Amino acid sequence: MSRDRFRSRGGGGGGFHRRGGGGGRGGLHDFRSPPPGMGLNQNRGPMGPGPGQSGPKPPIPPPPPHQQQQQPPPQQPPPQQPPPHQPPPHPQPHQQQQPPPPPQDSSKPVVAQGPGPAPGVGSAPPASSSAPPATPPTSGAPPGSGPGPTPTPPPAVTSAPPGAPPPTPPSSGVPTTPPQAGGPPPPPAAVPGPGPGPKQGPGPGGPKGGKMPGGPKPGGGPGLSTPGGHPKPPHRGGGEPRGGRQHHPPYHQQHHQGPPPGGPGGRSEEKISDSEGFKANLSLLRRPGEKTYTQRCRLFVGNLPADITEDEFKRLFAKYGEPGEVFINKGKGFGFIKLESRALAEIAKAELDDTPMRGRQLRVRFATHAAALSVRNLSPYVSNELLEEAFSQFGPIERAVVIVDDRGRSTGKGIVEFASKPAARKAFERCSEGVFLLTTTPRPVIVEPLEQLDDEDGLPEKLAQKNPMYQKERETPPRFAQHGTFEYEYSQRWKSLDEMEKQQREQVEKNMKDAKDKLESEMEDAYHEHQANLLRQDLMRRQEELRRMEELHNQEMQKRKEMQLRQEEERRRREEEMMIRQREMEEQMRRQREESYSRMGYMDPRERDMRMGGGGAMNMGDPYGSGGQKFPPLGGGGGIGYEANPGVPPATMSGSMMGSDMRTERFGQGGAGPVGGQGPRGMGPGTPAGYGRGREEYEGPNKKPRF
């Protein structure tokens with residue numbers, strides 16, 4: 001009432017933004033009120049100021065709703081209102097059916113409105129009573145009988161029923177007659193199915209027809225439609241009590257309603273748009289990276305009728321997305337269903353719990369996770385990702401989380417939820433039998449089945465067992481025990497027992513903490529000692545390896561030395577063999593020479609004489625001749641000199657001797673005759689080529705002792 005009284009100007013059965021009433025009753029007239037000829041159920045066209053609107057008039061009390069349409073509008077606006085906004089002077093017919101689009105919530109369906117936008121439930125009121133909205137409120141009438149038609153200002157904010165006639169074209173002459181108060185009231189917007197009149201189609205920005213029941217009342221004028229489809233009751237002169245409010249439907253009822261009134265094409269389009277918008281809203285309920293159709297999205301539905309079918313059970317949850325796994329036990333009256341995300345499951349649980357179905361109240365709860373494990377003794381450095389990675393070797397994981405305190409520090413506990421029971425059983429058995437480590441520290445994790453408790457719904461009164469013990473215990477209401485009474489004494493004993501349990505738990509926790517600290521210190525010392533032993537063993541291993549490598553190196557060097565010695569010995573032996581062979585060859589050559597010399601040295605005198613020349617004439621003048629030797633002359637005859645041979649000319653003899661003395665070669669240049677060859681006797685030009693060969697016998701070693 002406090003904020004809405006600024007919105008209602010004038011009486012009548014109009015909605016929030018009805019300004020101005022009938023002329024006779026004298027309601028507060030707005031400066032943009034329609035002229036006297038305008039009707040209630042007609043859309044507003046271009047209009048101009050009426051001929052009688054000249055000056056302000058005093059406020060008049062609002063008229064009754066049945067006389068609102070018969071009274072002419074007041075001719076003066078309130079004195080506190082500002083001067084009116086002047087519209088363009090020329091008529092523009094296309095502005096009649098093109099009002100601006102109303103503000104709509106993306107999560108709400110469209111509502112039944114007239115050509116003007118209707119504010120939502122949470123829309124802000126006008127700034128003050130002296131400054132009304134800039135949109136001129138009208139009752140939806142054709143252009144009045146002013147001097148000239150004017151274009152329509154921004155559209156009116158009152159609602160029009162779906163069955164209203166279409167807007168009339170602008171005219172500058174005769175005004176149309178308004179409908180009488182005694183005539184039939186406008187049809188309500190809640191009537192399903194196609195309306196009798198043409199569909200109240202919106203303009204380029206106008207909303208569609210209403211979808212929700214509860215349109216404007218027949219006797220109270222058109223009411224303001226809320227986003228849920230319910231009209232706002234008028235505050236003054238309406239057919240509903242002042243300040244009356246209606247209950248808004250829940251979230252899912254706002255999205256799923258019956259077909260809207262109007263043609264079948266409009267209904268199908270609206271149904272498609274609603275389904276698309278609803279699917280988009282469902283997709284927004286899923287968190288980024290959240291897995292779909294998990295065990296956390298599984299709902300338990302109890303107290304089901306015995307004759308329920310699977311299709312009916314699915315239709316019950318169809319508005320919350322496509323259901324996944326469905327199971328129904330008709331004999332015991334319960335079932336399970338798996339939805340897409342946890343948020344959808346929470347919405348379905350909140351809306352369908354305690355819903356009556358064939359005389360039974362449905363009980364909807366989250367199903368217990370049959371494949372969840374509790375993990376304890378976690379290191380402070382284990383995160384959700386590491387926990388999931390570590391346990392993913394046993395099977396697919398739906399969720400793995402490390403429980404933290406209010407400051408975000410790890411409590412050493414975690415929860416791992418598998419997708420199937422065999423994987424959870426395998427992880428439990430493997431971790432119980434073996435030692436499963438997650439970090440470097442030898443701190444094994446302890447795996448146990450998760451104890452699942454319901455801390456959301458608890459135990460409501462309707463689910464408590466009404467047995468005789470329950471009746472006996474509930475006879476006395478809650479109270480504080482009086483001092484000195486029986487219940488006070490035993491209550492104190494109960495409290496002392498609880499205190500003793502608390503102390504013992506604290507002592508056990510303290511002992512366990514000390515034992516853990518001691519084990520950690522021992523483990524740290526043992527770890528350091530173990531590391532030292534490992535280093536020692538590694539050093540010994542390296543030393544042994546080094547010694548072995550040295551031995552191998554020594555052996556290799558010894559082998560190389562032996563090979564070098566063998567090679568040297570072989571080389572020495574080859575050299576000795578070569579030297580021996582050379583000596584043998586030299587000895588053999590020497591023997592051959594000696595043999596040749598010995599054969600020449602032991603020649604008989606006749607053969608030597610034949611080789612050296614006859615008559616002994618060769619020894620004359622020769623240093624190797626008989627004149628220089630101490631042995632007797634070899635040649636025959638007494639005198640072998642030049643004097644003994646007077647027949648030899650001196651020049652020839654001297655030339656022959658000179659030629660033989662000047663030779664540098666051991667043998668002659670001519671053909672060497674045989675050793676025993678016999679040349680011509682005598683000296684002179686007829687001396688053979690091998691003449692000087694006989695001189696070699698004087699150079700041999702066997703001839704040296706003769707000197």
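Counting starts with 1 at the first residue shown.
A Cβ is built for glycine as well, from the same backbone N, Cα and C atoms used for every other residue.
The feature asymmetric dimethylarginine is assigned by Swiss-Prot to ARG9. For 9-26, 206-223, 612-641, 668-692, the entry in Swiss-Prot reads compositional bias 'Gly residues'. Taken from Swiss-Prot, the feature phosphoserine covers SER33, SER273, SER496 (among others), and the record attributes it to a large-scale study or a structure entry. What Swiss-Prot records for 56-104, 133-205 is compositional bias 'Pro residues'. Annotated omega-N-methylarginine per Swiss-Prot: ARG236, ARG245, ARG681, ARG693 (among others), in sequence order. Annotated compositional bias 'Basic residues' per Swiss-Prot: 244-255, in sequence order. Feature annotation from Swiss-Prot assigns SUMO2 cross-link to LYS271, LYS279, LYS338. According to Swiss-Prot, the feature domain 'RRM 1' maps to 297-369, an assignment based on sequence analysis. Here Swiss-Prot flags LYS314 as N6,N6-dimethyllysine, drawing on experimental evidence. As annotated by Swiss-Prot, phosphothreonine applies to THR368, THR687. Swiss-Prot lists 371-452 with the feature domain 'RRM 2'. The feature phosphotyrosine is assigned by Swiss-Prot to TYR691 (among others).
Every protein chain considered, the tally of other Cβ atoms within 10 Å of the Cβ of SER496 (phosphoserine) stands at 10.
Using Cα positions, the member of the recorded positions LYS314, LYS338, SER496 nearest to THR368 (phosphothreonine) is identified as LYS338. Taking the C-alpha positions, the distance from the residue listed as 'N6,N6-dimethyllysine' to LYS338 (SUMO2 cross-link) comes to 10 Å. A simple Cβ count within 10 Å picks out one of the recorded positions LYS314, LYS338 as the most packed, and that one is LYS338. Rounded to the nearest whole angstrom, the C-alpha distance between LYS338 (SUMO2 cross-link) and SER496 (phosphoserine) is 48. Mean pLDDT, taken over the domain 'RRM 1' (297-369), works out to 90 on the 0 to 100 scale. Classification of THR368 (phosphothreonine) by DSSP places it in coil, neither helical nor stranded.
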